[in-house]
Amino acid sequence: AWYVPCLASLETLQELCRKENLRCKSIGITNRSLKSYEVEYLCDYKVEEGTEYYLVKWKGWPESSNTWEPQKNLKCPLLLQNFLSDKNEYLSRVREGKALKVRNHVKALKPAVADYIVKKAKQRIALQRWKEELNRKKNHKAMILVENTVDLEGPPLDFYYINEYKPAPGINVINGITTGCECADCPAEKCCPKEAGFILAYDKKKKLKIQPGLPIYECNSFCRCGPDCPNRIVQKGTPYSLCIFRTNNGRGWGVKTLQKIKTNSFVMEYVGEVITSEEAERRGQLYDNQGNTYLFDLDYDSDEFTVDAARYGNVSHFVNHSCDPNLQVFNVFIDNLDLRLPRIALFSTRTIKAGEELTFDYQMKGSIDLTSDSADGLSPSRKRIRTVCKCGAVCCRGYLN
């Protein structure tokens, strides 16, 4: 299904809800806000006859209902702190020492400062709502946080969070597997990896022990083993709390870990729409002009299909490229043994400290034919326009493709 963003402003929606006496938690209309007044954010500031006033945006009320309130009436210390912090941040950026101007014996905030404070407050609310949405939709226990201390960019308007592949019409990502291992305690002689002709991918500590290029065969939904089976790792989702953050060097959004990640640990899956290579070629021509790189070839056995994470994806959508990455790509087979449609898993290549950005090489391949230092691994749609790399690594190749 294709989704269309709502074109009505938040203020219009709030007015409609109040007129029809409707509740909508996502836009701040609750039983509490219908019956009482709650400060959503502070818009402006002035000093008149020695009394300090703040222009208040009331939660669940349109901006036309904003009122000036004396500071002594406000019981919102965190919002006052945000207001002052945003004011000082703006002044430090534009290198202006004074925020107030005097007119008709009234000290008032300069319009540019007030405008920035309002935009920052709206961004803060939008990012909080986005964070709540992401955590509602995810199917793993770890938390997803959102942070932007760099600019006024809000949540992406045309991105929809999914937990697994979204196949295009005519593509079946579940091939109807009906058998599984009979192990009471995996791994055993007849466990799934050995049946496929490969070794178990994980050691006793559930860490990866195979070399890049080799596939991972996990136990599936028909296997006798339970959820604590040591051969069920990727299917449980990311175990780490992650933060989608705004980078300060022009790379847009990025992802950092909030917990220490040990070497050879599973971090996340790369998911998106599964499309044909022909469709990927068509979309690639559009993405080239936008400078986007979200197409991931499923080329373990052939090059028939591609994962497109541009509109539909998970946290991996925001992971940036690096020529010296800390994540490695592996092909995983669980409930679908079709070699043309592996699941893509990202594992740590080294110990990653809490707060460190997560990256992988956009030229990295998951098949045995590794050509990470060549553009031959990319589809033709990504060869035409070369995108400058900003990873900053000592070994940086200069371009993403």
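Cβ atoms are placed via backbone N, Cα and C, with glycine included.
Unlike curated entries, TrEMBL annotations are predicted automatically.
Here the structure is a predicted model, which means the values were calculated and not measured.
Per TrEMBL, the features are as follows:
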| type | residues | note |
| --- | --- | --- |
| BINDING | CYS181, CYS183, CYS186, CYS191 | Zn(2+) 1 binding site |
| BINDING | CYS181, CYS192, CYS219, CYS223 | Zn(2+) 2 binding site |
| BINDING | CYS186, CYS219, CYS225, CYS229 | Zn(2+) 3 binding site |
| BINDING | ARG251, GLY252, TRP253, ASN320, HIS321, TYR362, LYS390 | S-adenosyl-L-methionine binding site |
| BINDING | CYS323, CYS389, CYS391, CYS396 | Zn(2+) 4 binding site |
| DOMAIN | 37-95 | domain 'Chromo' |
| DOMAIN | 179-237 | domain 'Pre-SET' |
| DOMAIN | 240-363 | domain 'SET' |
| DOMAIN | 385-401 | domain 'Post-SET' |
Practice task
In whole Å, note down how far the CA of CYS181 (Zn(2+) 1 binding site) lies from the CA of CYS192 (Zn(2+) 2 binding site).
Solution key: 6
Handout entry: Nonlocal residues around TRP253 (S-adenosyl-L-methionine binding site), in sequence order (Cβ under 8 Å, 6 or more apart)
Key = PRO156, ILE244, PHE245, ARG246, THR247, PHE318
Fill in the blank from the handout: binding-site residues near CYS323 (Zn(2+) 4 binding site): from CYS181, CYS191, CYS219, CYS225, GLY252, TYR362, Cα within 10 Å gives TYR362
Completion exercise
Tertiary contacts of the domain 'Post-SET' (385-401), defined by C-beta under 8 angstroms and 6+ residue spacing from its ends, are 249-251, 288-289, 291, 293, 320-324, 359, 362-363, 373, 375, 378
Fill in the blank from the handout: As a whole number of Å, the Cα atom of CYS391 (Zn(2+) 4 binding site) is distant from the Cα atom of CYS223 (Zn(2+) 2 binding site) by 42
Problem - Spatial neighbour of TYR362 (S-adenosyl-L-methionine binding site) that is closest, considering only the binding-site residues CYS181, CYS191, CYS225, CYS229, CYS396 and their CA atoms - result: CYS396
Completion exercise
Given the Zn(2+) 2 site CYS181, CYS192, CYS219, CYS223, its other Cβ neighbours within 8 Å of the Cβ centroid, in chain order, are GLY180, CYS183, CYS186, CYS191, GLU218, ASN220, PHE222, ARG224, CYS225, CYS229, ASN231
